[in-house]
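TrEMBL annotations:
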type	residues	note
ACT_SITE	H37	active site, proton donor
BINDING	30-37, 147-150, 184-187	ATP binding site
BINDING	Q61	beta-alanine binding site
BINDING	Q61, Q153	(R)-pantoate binding site
Amino acid sequence: MEIITSTKAMQERAIELKKQGHSIGFTPTMGFLHEGHLKLVKHSSQQNDITVMSIFVNPLQFGPNEDFDAYPRDVERDKKLADNAGVSILFLPERSDMYPNEPSFEINVAKRTDVLCGRSRPGHFNGVATILIKLFNIIMPEKVYFGMKDAQQVAVVDSLIKDFNFPIHLIPVETEREEDGLARSSRNVYLSDEERNQAPHLYKGLQKGAEAIRNGEINPATVIHIVEEYIKTNTNGKIDYIELLSFPDLEALNKVHGKIIIALAVKFSKARLIDNIILETQS
């Protein structure tokens, strides 16, 4: 595995690889890798000649009261995991290299961000979009891989690629889960033993909502209530949101129809967990 720390060197290497006719797949991460990240690498390795992974904890996507300084980091561990997973190039830029000066431009994501996580994290997706535009221009991939655990991010990246005419194919990858159904996340390490035992009920609650829809329920408020009551009964977590929206447009619905997402965020003492289920329903 090749390790590159300079944006200039990474861009030059990408240009060289493309001149040689190699296809590039890209998995952007903030590190503290888990099986979900490695699943993205596996998909990329199967579909591309070269797989580039970036590890960069992007300060622009953290709010003033969020966990930027506390976000888990273990670069040496990540290097070993990335190498063993089949990453061709690990891109490890410094903050001073990615953001050498005060930006002259600000990216404002106008749609798909006033719901779900975007509602309580103003500016978050502006930061995500900014770093991705930079990384796409540096690495120049043909394909980019994102996990569906953060479905709102996938929806925003879908818009970003289309709106800015990036010649990149977005590959969404199904959420990687523990055996008990909990979505894998770097933040799961913050859970106490009791919270870890309760956390799988988030996905089970979503499954209850999906089951209601399959049984004919078309009222979004009723579906949301079913999920909410299940989570309140089975966890001590504080519900941040539970929403049922169209996907990928993330628009409110009067009744369940078409492709929809049921998504939630629940706060435990030191961790805020997100999860979702996406369903194809009758139009």
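Yeah, the Cβs are placed from backbone N, Cα and C, and that goes for glycine too.
Here the candidates are the binding-site residues Q61, G147, K149, and by Cα distance the one nearest H37 (active site, proton donor) turns out to be G147. Neighbour counts of Cβ atoms within 10 Å were compared for the recorded positions H37, K149, R184, and the top value is held by H37. Counted within 10 Å of its Cβ, the other Cβ atoms near H34 (ATP binding site) come to 16, all protein chains included. Here the Cα atom of F32 (ATP binding site) is found 17 Å from that of Q61 (beta-alanine binding site). The C-beta environment of M30 (ATP binding site), restricted to residues of the same chain at least 6 apart in sequence and closer than 8 Å, consists of I55, F56, V57, N58, Y71, S186. Q153 ((R)-pantoate binding site) has Q61 as its nearest neighbour among the binding-site residues H34, G36, Q61, R184, going by CA to CA distance.
Reported as a whole number, the C-alpha separation between K149 (ATP binding site) and Q61 (beta-alanine binding site) equals 17 Å.
The binding-site residues listed here are Q61, Q153, S186; among them, Q153 has the most other Cβ atoms within 10 Å of its own Cβ. Cα spacing between G36 (ATP binding site) and Q61 (beta-alanine binding site): 20 Å, rounded to the nearest whole number. Cα spacing between R184 (ATP binding site) and Q61 (beta-alanine binding site): 20 Å, rounded to the nearest whole number.
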